[in-house]
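Have a look at the structure below, then the notes.
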């Protein structure tokens, strides 16, 4: 069965089309793999055995009739942030206990319309708040990668840790994920997978539990660049139910792969050389520069002067929006309800019991920066900084730069239950140092594995593109992937 789960989406698609395998066989292979591995990795919070089998059966019938969709019979995992009709959707929070939506998110509806099969819901940081998948009510996810000669558990990154771990461990062919400040790109880098955060407005947010509405964007995590391009084509669409959705035709992203990058101008931002950055990250960055140079790209030094303000500004804007978005969870209509002596007490008790520590911390920060005395000093100033960050990118792109190459993360995956990070949230927030600018500016960004560190752990590079030019990112990422190769963890689970 493991040879079936080793197939990429592109390979499985071809075999299904040629009737060399059936969707039912493929789905059963993944369900068996999940049942065998999930206790160890904890990537799934709900496995939809019956639904997966009936969707696979329907796929086989459509293939037999010659009516196959673009993702016909491909088994996918869904981050627990996407509404799935009649299926567990709890954003990995206690406050949404037992919630099963009566509607489907636009992203998942698009995937099912193209014939994909749902294997289940994937673990994540609670309400997508975290960089290590340790804030989930359902416990942490373990990274399928381990350092050479070590049995120590590592984090898969966050918040889409379940998505990245499931893809890396071959527990799904691909997965949906979301990115508010790096939640697709950082876990992809930590697990040797590919993750793309599309331009804001490219993929509908409808039916996705909101964290920070002006920053959130859904995208895929996949095993390679081609698979990410295939998934992205199905996920992206115009959606009138999302007022930020953009009416632009969805290109065939897969067709961009293999196109030459000759003459493409790649910017290298000097501000991304941060103090204390490990030598192996700098080395990897240089390697990526060389890969693109060898393929004919032109490398130019650029400056993004407001980069240093991005992280503090992000950790004002995102919690502010979260404090507003999470005000709706009160125990009245759905989810957890803790009785109280009156309605105000019931709200208080429910929210105290329902939200985890990190979510409470961010709600409190958000409420504080939006309060009358501090709104101008914090929130308004952060929004001004955001405008300056966006302008930095616009200026660089106006000079003819096609894409920007940076590291994806400041380190490889770190230890699960790291005490220093547990006691110092700011140190944990620094994981997003290379990724938040992309969300603040609403740009597309892709993380692609580019090598292993001295301990044998994957490291990723990030490419940042012009708005709605994801094709350029796929094109350049494919060049790096071809040069660096693909990486799969040694099985310990």
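Including glycine, each Cβ sits where the backbone N, Cα and C put it.
Here is what Swiss-Prot says about this protein:
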type	residues	note
ACT_SITE	79	active site, charge relay system
ACT_SITE	159	active site, charge relay system
ACT_SITE	183	active site, acyl-ester intermediate
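Annotated features, which come from Swiss-Prot, shown on the structure.
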residue: 79; record: active site, charge relay system; Cβ neighbours (10 Å): 32
residue: 159; record: active site, charge relay system; Cβ neighbours (10 Å): 34
residue: 183; record: active site, acyl-ester intermediate; Cβ neighbours (10 Å): 37
Rounded Cα separation (Å) that holds between residue 79 (active site, charge relay system) and residue 159 (active site, charge relay system) = 10
